[in-house]
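S.K.: Would you mind keeping the following structure in view while I ask a few things?
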Amino acid sequence: MMGDYRLPDHPQPMEILNLYLGDSLEPHPGECPRETCSHEDPPEPFEEQTWATDPPEPTRQNVPPWGSGVELTHLGSWVHQDGLEPCQEQTRATDPPESTRQDAPPWGSGVELTHLGSPSAQREHRQNTASPGSPVNSHLPGSPKQNRSTSTQVVFWAGILQAQMCVLDLEEELEKTEGLKAGLKCCLPTPPVDLPGDTGLHSSPPENEDSGEDSSEPEGEGQAWLREGTPDSSPQWGAEEESMFFSNPLFLASPCSENSASGECFSWGASDSHAGVRTGPESPATLEPPLPEDTVLWELESEPDLGDGAAISGHCTPPFPVPIYKPHSICWASVAAAEGAPAAPPGHGESEGDRLGPAPSAAPCVDEALTWESGCVGSDLGPAAHPVQPWASLSPEGWQRGGPFWPQVTLNSQDRDEREGGHPQESLPCTLAPCPWRSPASSPEPSSPESESRGPGPRPSPASSQEGSPQLQHHSSGILPKWTLDASQSSLLETDGEQPSSLKKKEAGEAPKPGEEVKSEGTARPAETGDVQPDIHLTSAEHENLRTPMNSSWLPGSPMPQAQSPEEGQRPPAGDKLANGVRNNKVAWNLASRLYRLEGFRKSEVAAYLQKNNDFSRAVAEEYLSFFQFGGQSLDRALRSFLQALVLSGETQERERILYQFSRRFHHCNPGIFPSVDSVHTLTCAIMLLNTDLHGQNIGKSMSCQEFITNLNGLRDGGNFPKELLKALYWSIRSEKLEWAVDEEDTARPEKAQPSLPAGKMSKPFLQLAQDPTVPTYKQGILARKMHQDADGKKTPWGKRGWKMFHTLLRGMVLYFLKQGEDHCLEGESLVGQMVDEPVGVHHSLATPATHYTKKPHVFQLRTADWRLYLFQAPTAKEMSSWIARINLAAATHSAPPFPAAVGSQRRFVRPILPVGPAQSSLEEQHRSHENCLDAAADDLLDLQRNLPERRGRGRELEEHRLRKEYLEYEKTRYETYVQLLVARLHCPSDALDLWEEQLGREAGGTREPKLSLKKSHSSPSLHQDEAPTTAKVKRNISERRTYRKIIPKRNRNQL
């Protein structure tokens, strides 16, 4: 820093090496004269122009005091050495670095300071630090050469520093930085005071000079005092120095002081607006002891910016040289230049190129590569009120990693515009060491391959200062962050333009190409570096490394790169490995795509591929859900659309697996609504249960809104869901139930008649009869019905025992009761809406004449499969016989074979459950089945009669025996009737039921012809009153008479 007397915090040995091996040496014969100040245009007569030198990035040299009258040569390496800027009235001034000390000695007393060439400071804006009274054109020809002892001393001290840095590199101890700093302070050489002065020296402006005054000065003041044509601006290397330095293997892969960055320089200080921060007692700038007053600091001179005169304020030189490490196994000296090596060790700057200057054919090389000297900083170096802290967490193994992974990109040096045609230059290889700080001419791709650490810390881009206040990110680790799409890592990036890649130098013979575009794998974007734009070309080998196109959002105006999520409207990458080691290739995606598009699958078959508990099924489910876009939808709306795509079937845990994948997808599409996937999954399952409770066949009170909210308390990752959200979901499901998807084939079929009866009239809601309108109609007519017994033989209550007249229709195996006075003779007509009472199934039923009922004539009874008993009265006896025959024929034709009897340890008799579904067999098969059932029932009845219970046995056993006997006798009679009717049906030549009835009547009449016999009589009519004629009147005693006056009050006592 200019005028800063603080001791260095971080030593960098190559700064001292550059200090003594730089441009102070005379060029080799046949070589273009070397300049200490690089300019864009040829030199012109010096006018009033202020030359503002901006301190280089991490390379400020702590120089011991110099006597008066002592002048030192320009030292260091330079990149752009083609000429001086036109000396115009131009002011390059910014605020002086805040870390500069106020007690800096004024310029004068014969002490002048050289500008140390900093290749890393080649793209940064220059500060106008020259005072109005600075000497102009003080660099005069004929300055004396530096003596030979200076070169020997340089080699000696450089060897010591290089050895120390090698020790630090081998030990791989990060904490050695502080100890090395103290050691390097002692190793700093004290230049001899009797060195001959060089007219190319000039002193830095005073420290206490205000930046505002500098910026207001007229242009052209304080111009640098070196001219290109000066023959003695740099001493020439002798044979001894060349053999001692360039042939020494110790320095072939030595750390370099700076890396060239085209017109860029990292400022280590903050602007004056934050000057108060750095002056604290704990600041390293204030803890360093000042240098003697009779000395001035060496100022590293840098070249002007990319053509724009805007200066950057708040930049200063670091108070110490920072070491930069290179792999010692790589030799990139003159051999690499001679062989045309494609790349040199990463991070080398133009200082190395200058060391190759003694070669006759060598010339100063123009480097366009942006170098990244530093890896990860230990503290925030941003100008936002943060002092410069010592670097920490330096990883030596990260510095020495070879084999860069960054693609090699050839850049057209924009500084070729600044060269003169008469200075041919060789192109030397240069490799970029990437770091998470970007420059206007180099911005990394978001998904370019990772690069290894090339330096101890990140270097911020000056372009961030041009656009605003640079934000230097703090990195906690000692290793460079890797370039990935992770948002947490991409937050360390400064976006300014192009992509950082391995950069190459252009040969001197090429003409400048301003305005060329950056080309990277088919994606072109102009480099935003001011007036001159470099050209980047990818080689064939580099196309294999650059696999991802540049993100168009990475522009200099954006402070941070926008990391793209891998799942925004896209499926997950197919290269991920599953838990069992199976690679998730395109097999799962192809199957999911076919399931989503229903290519060869039905909606009812999709769930079977998503609900299994294995890795492949989970992968298919994840890929399947990736086709759904739930962004901006509510949870119930997204669930409705999802349930329309597939039939959610299977067991509870299988459905839960599918719903979990739905929850993951919904949370991915709407990450801000719910805190986690579990909360979405919990609410999804609650909605499914609510739909079942509100719209299912549940018995009891439905769930209320308050109960729904209460049941979800504490299930939102320990908290509660918003009540407004739960209320909206509740009323959405209550007003409209969740519709299930159905196959298209099912919707195309004609719906079967499913009568919707009131719930109160359905005594057995789970007993659903097959009501097919396509089955034939056996008979219809007017019948009076009376319910005598309910299911299981229970007596029907008194209020339901009355006789009712219905238009009865026997269709298939169902007996329908319709309204009277309407025509119901149409075949295939749906009876929905015409039924006035519950239909009765006649499967496994038996109709017989009701001989025991004498109150009404022409009455027959019907015993159903569930042991109900109905009484029907027909208009005539013929109608009664016809109804009995046709009801039994329908039962024999459509009754399926019974299930096997249940097996249990109870001795209590339980009637077997008979199937409700219709039989699918033919009449012959039905006949054989009924014969087998008849034989089985007859055998069971015979066995029961053989095993009679004991007369003195318990009453329960006797009752069980009686019930079993009645059932077996009824089953035997029923199957006998079925067999008889089916035999007559099979023997009937026509399908007409009328002809079948006539044949059946003839067979029944021949067998049932009455025989002549005596009638049984009794002496006392009162013994058998049931056999007495109905017209006989029997006078009873008053005590035997019953009146309803006494019974009704007793039965209705509680109701009165």
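Our numbering is plain: 1 for the first residue shown, then up by one each step along the chain.
Backbone N, Cα and C define each Cβ position, glycine as well.
It should be emphasised that the depicted structure is a prediction, and the values quoted were computed from it without experimental measurement.
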S.K.: Hey, which of S138, S413, S553, S1039 does Swiss-Prot call phosphoserine?
M.R.: S413
S.K.: According to Swiss-Prot, phosphoserine sits on which of S260, S477, S491, S702?
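M.R.: Going through S260, S477, S491, S702 one by one, Swiss-Prot flags S491 as phosphoserine.
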S.K.: If I look at Swiss-Prot, which residue among S131, S234, S283 would I find recorded as phosphoserine?
M.R.: S131
S.K.: Annotation phosphoserine per Swiss-Prot: which of the candidates S143, S565, S1020 has it?
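M.R.: Residue annotated phosphoserine in Swiss-Prot: S143.
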